[in-house]
Amino acid sequence: MTYTPTASESGTDVTVTYQVCNGTICTTATVTISVSGDDSDGDGVPNAQEILDGTDPNDPCDYDIDSQDLDAVSDEWKNADCDNDGLTNAEELVLGTDPLNPDSDGDGVSDGKEVADNTDPNDPCEYKTTRSQIFNLTSATWKALDCDEDGLTNAEEIALGPDPQVADTDGDGNPDGTDPHPLVPTATDDTTSVNVSSVLEFNILANDDYLPGEDITISIVPPQNYSTWYTGEADQTVTIEYQVCNGTVCDTATLTISVVGVDTDGDGVSDLDETSSPTPTSPTDPCSYNVADQSADAVTDAWRALDCDGDGVTNGEELDNGTDPQDGCDYNPADQDPTKVSDDWSDADCDNDGLTNGEELTGVDNPSTPANPDGEKTNPLVVDSDGDGVSDAQEHSMDRSK
């Protein structure tokens, strides 16, 4: 019997059944043939299989790992270093690393270097290296990991600057993923205000990197004149410098407190300023104040609802418009309520055209009969409302003479 094996039978046992007869007397038997697979490069993959896999049967470092029989590899292959990572193929088999991949875990450090560093070549989060090595050599899989579990991927940490192996790079107690300043522990200056004689409670950590915890300590940094530091008077500013630490990681910041004095009349000027000014005003009269001393943010709603100058525009509207609540001739006509102007304002003549504000606003053609507003209304702030070159007063005179 002559038998020629095919390439697909390389490395297998082939059983051939045959029958032998003498005349009509026959018997059947089998022959089992072990087809040896030539493996020219000793990589544990028969030549015929390498041809099927599309790999080079003469290159011991070019093979499909799924086709490899580790029991059939040669000593030459074991002593080789296919991926040039500093480990022989045999050493990689013992370690469980890939003989064809110089960096089996994709962390940017070769398998041989990890063995020398006493780190795990199969653990992508255990390595010793520089940032440049990580950035240039790591795999896409490694970049998508979050080795230190701080909420940032390894790639994000490389881009932003923190250490992918350290959850809190700057040591302030706030993980890199939630830390606004992950590289530098930062305490932020704050500004607030408090009424005189009141007690202030302020959360100085609210906008700091530091998070409240058992390792956080806060200490005051006293000034030289420590005894008078806390005795801020009304309308003064107190600055408190403090140091916040997480263990030994510290930063210093300041809390600036404006001590607001009592403002009885709600005009935005403290009683102290009203009485101590070179031109004193009444601390109980909301319309008696010096504009230069007023804090627009400190006026009360009740003050905003008033109309100090009687021009029919509330103080609040005048503040918003940038006009003077104390000047009856400084207002935005679009905001004026003619039914709420004062008698003093009506009797005044803002534009000095010879007509009172009341005459211009109501349009009476005869001042002696104000109950009959049958004249043309004019603008109390403009001498010649219609711009025809004739003053409003002259036009009213001509109308009455007709």
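Cβ from N, Cα, C; glycine included.
These come from TrEMBL:
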REGION    36-59  region 'Disordered'
REGION    95-127  region 'Disordered'
REGION    160-190  region 'Disordered'
REGION    263-289  region 'Disordered'
COMPBIAS  264-274  compositional bias 'Acidic residues'
COMPBIAS  275-288  compositional bias 'Low complexity'
REGION    311-402  region 'Disordered'
COMPBIAS  382-392  compositional bias 'Low complexity'
COMPBIAS  393-402  compositional bias 'Basic and acidic residues'
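Sequence-distant contacts of the region 'Disordered' (263-289), counting only residues of its own chain at least 6 positions beyond either end whose CB sits under 8 Å from a CB of the stretch, comprise 234-235, 295-300, 302-303, 306, 308, 325-326.
Assigned with DSSP, the residues of the compositional bias 'Low complexity' (382-392) fall into helix, strand and coil as follows: 1 helix, 0 strand, 10 coil. Beyond the compositional bias 'Low complexity' (382-392), the same-chain residues lying 6 or more positions past its ends with a Cβ under 8 Å from any Cβ of the stretch are 351-355, 360, 398.
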